[in-house]
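Undergrad: Below you will find the structure I want to go over with you.
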Amino acid sequence: MPVCVCVMLLFALFHGAFGAEDNLKCKMLGRPEFPLLSQEGDITIGGAFTLHSQMSKPSLSFEETPEDLTCSRINLREFRFAQTMIFAIEEINNSSSLLPNISIGYKVFDTCGLTLPSTRAVMALMNGKTRTPEGGCSSRTSVHAIIGASESSSTIVMLQISGIFQIPVISHFATCACLSNRKEYPSFFRTIPSDFYQSRALAKLVKHFGWTWVGAVKSDNDYGNNGLATFIMAAEQEGVCVEYSEGFSWTDPSEQIARVVTVIKSGSARVLVAFLAQSEMSALLEEAVKQNLTGLQWVGSESWITAGHLALKKYSAILTGSLGFTIRKTKITGLQEFLLQVNPSQNPQNNLLKEFWETTFGCSFQSDVHGATQCSGVEKLKDIQNPFTDVSELRISNNVYKAVYAVAHAMHSMLKCGQSGEAVNQSCTTKKDFELKQVVEHLQSVNFTLQSGERVYFDDYGDPAATYELVNWQRSPEGNTVFVVVGNYDASQPNGRQFTMNNINITWAARLQKRPLSVCSQSCIPGFRQAVIKGKPICCFTCVACAAGEISNSSNSAECLQCPLEFWSNEDHSQCVPKVIEFLSFEETMGALLAAVSLFGAALTSLVFCVFFRFRHTPLVKASNSELSFLLLFSLTLCFLCSLTFIGRPSRWSCVLRHTAFGITFALCMSCVLAKTVAVLFAFTAKRPGNTVFYCSVPLQRTSVFACITLQVIICVLWLTLAPPHPHKNTAHAKERIILECNLGSPVWFWVVLGYIGLLAVICFILAFLARKLPDNFNEAKFITFSMLIFCAVWVTFIPAYVSSPGKFTVAVEIFAILASSFGLLFCIFAPKCYILILKPEKNTKKHMMGRNHQN
């Protein structure tokens, strides 16, 4: 392994150098390193914090040795973290129950928020050889655990070196999800949740407020790159698209940062997700002020969302209303009093304390500094409000506090303190030769509760429980920026209950009503669906109306839903409504008209029946075979009336009745016409009078009619027995409506019934046609021929019209055929006779009936 070999060579170099002359200067990565804050103890905990937020940039002329890199501009918030670590150590040292009679020491190094100083710091911590402020070298034992660093990239660099020797590292602020890889970082722990959860929480947050089109900026390091990559993946699952993703580092040239702000201003997204460390956030805000970047809804990561030094008035126009997740805040009893006691007099030789004091009070301990106030050292920190003295938002400081206590509990368990059967507060058994991997093993199993009631433990990946508070930047009545908790996120809850909103106040509620609309495309109203635009993200779409029979009952529907079989979409395509049930009813115009014509035909037939009955003893009626005529008129009346059964809502009985009544009544009608035709034909063609009497006898005619009608009845009985007609909801012919019709059961039987009637009609037509020129003044065969011609024409035309007509028009065609053929029979056969009976009674004589054409 190249890293391992490199570290071993460095150690060999260091040990060889330290074994030489005492005045030999210690060298480490080009520069000696010594702790900025330190204290001796039986157990030593190392600290790595970003105590300075700026590093010098020496010129590289390649003509002379470059100057050493130096860090400057003290970071008061990180200095508070370091002091919190010292506070926790002193609290444990004063405890009689945790590590009794075991003192904890510390060494605090500055990482400057960069990888190179972080490398120097971890090398100094693990080597145990440090340079004293006086310039000499001294041998110290290595640390037993390291608290830090404050950035993911710095932590990764430290782990790549310390991990070889299994030195446990507990970070209070490194959130990169990559650090949960136990194979690569088996000795890493942290007291802050992984970005794996925060990124998903942010994705749910923007989705909750309907922001589907967002921009994103990130720190160009492991923290920003991994965090934003996880966010983008989670956002895609939530249906959120990222318009642009820009990364930069605070050490980049100002032109690069200005370019990032220009990209943000030119974007159409009104929501900006900022996965930035504090240093990058500060640099971005400075450039945002220059370019007057306003009107954006900022969504921030835990790194800066509660950073008090960013809540300045000059940034208020930019950041007011910002949202972001952060870890829960708490109170650490006694910490504020401890911080207010920090003073350079505690260690007059410590330059870090002097720098802190000078920065806090704007003075200088050097009297020769022009224009600077002389520091007296008696200034009061309680009169100052800055990130160091502000303990109202103890979130990350609490993580440092928990990390120190986790190490203490692990060491307490490993050293078997108070477990030998004696008093609990007895001295621990100090081991001089224990292995650091034992500390890692005991850290993995720690499980304790702080005085605040918070439970501390690590999962299998070295991570704590992932719980967050949703913070909103609001303006107080005094005009200051305050952080208001408006929601929570608990990754341990089921998916539907992870993200919850608190009972928010009026100010927050009013802002929600005015929240920006950040979408690539306007919402699709119900009745429309989203159609992706080719070449653009899924959040960019056009709204396409749902097709007939489909609906979308919510905004921004990705797909239209097909209505159930018996339902159809309304005009807006927003909901399914029952389909219109279509059948030929008496209420509609066509149904009423057909019913009226049917009743008129029945009434007219009845009137003809009455006329014939009135003149039943006259020669014309007797010559027309009165019994068959009355039976024919009766059957025609039934034919007219049976058409009424085809109108109205189909039911089981109406379906059976309409087809059987139609078949039997028309068979009776055709049987009567056939009997009349045969009688006429035999009356004029028989060679012997006896035969004429036989064929024209009433019993024979009755028998022939009965035989013909019986055959049709048998056919109908078989039809009803084997496959009777029944009501049917036809949804195949017309998708937008249900055609309620009578299913024939078996179309074969229907066509058999119809074919039998047609056969009788054809026979009648042929016989009547043969008898049309018989020598008689009143030849009934002529009228029967015309009636059969009309009858056959109607029903031959009926077949294609019946097959091709849709829905209720099929029934109308069938009724029309019934009425047309019935009227044809009525008028052709009985109209000439009624004319003579009523208007020409002088022709209603036997002499006139028997007259011959040749006599005229």
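Cβ atoms are placed via backbone N, Cα and C, with glycine included.
Below are the features I grabbed from TrEMBL:
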type: DOMAIN; residues: 590-853; note: domain 'G-protein coupled receptors family 3 profile'
type: SIGNAL; residues: 1-19; note: signal peptide
type: TRANSMEM; residues: 590-615; note: transmembrane segment
type: TRANSMEM; residues: 627-648; note: transmembrane segment
type: TRANSMEM; residues: 660-684; note: transmembrane segment
type: TRANSMEM; residues: 705-722; note: transmembrane segment
type: TRANSMEM; residues: 748-771; note: transmembrane segment
type: TRANSMEM; residues: 783-803; note: transmembrane segment
type: TRANSMEM; residues: 815-839; note: transmembrane segment
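Describe each of these features in terms of where it is and what it packs against.
TA: Non-local neighbours of the transmembrane segment (590-615) in the same chain are 584, 621, 626, 629-630, 633-634, 636-637, 640-641, 643-644, 647-648, 808, 812, 815-816, 819, 822-823, 826, 830, 833-834, 837-838, 844; each lies 6+ residues outside the stretch with a CB under 8 Å from one of its CB atoms.
Long-range neighbours of the transmembrane segment (627-648) within the same chain, counting only residues 6 or more positions beyond its ends whose Cβ lies under 8 Å from a Cβ of the stretch, are 583-586, 591, 594-595, 598-599, 601-602, 605-606, 608-609, 612-613, 621, 654, 657-658, 661-662, 665-666, 668-669, 672-673, 675-676, 679, 698, 701-702, 705, 811, 814-815, 818-819, 821-822, 825-826, 829-830.
Here the transmembrane segment (705-722) has long-range neighbours at 628, 631, 656, 659-660, 663-664, 667-668, 670-672, 674-675, 745-746, 749-750, 752-753, 756-757, 760, meaning same-chain residues at least 6 beyond its ends whose C-beta is under 8 angstroms from one of its own.
Listed as Cβ neighbours of the transmembrane segment (815-839) (distance under 8 Å, sequence separation of 6 or more from its ends, same chain) are residues 584, 594, 597-598, 601, 604-605, 608, 611-612, 615, 618, 620-621, 624, 629, 632-633, 636, 639-640, 642-643, 646-647, 662, 666, 669, 673, 778, 780, 783-784, 786-787, 790-791, 794-795, 797-798, 802.
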Undergrad: Could you tell me what the rest of the chain brings near the transmembrane segment (660-684), counting residues at least six beyond its ends with Cβ under 8 Å?
TA: 624-625, 628-629, 631-632, 635-636, 638-639, 642, 645, 691-692, 695-696, 701, 704-705, 708-709, 711-713, 715-716, 719-720, 753-754, 756-757, 760-761, 763-764, 767-768, 770-771, 774-776, 779-781, 784, 787-788, 818, 821-822, 825, 829
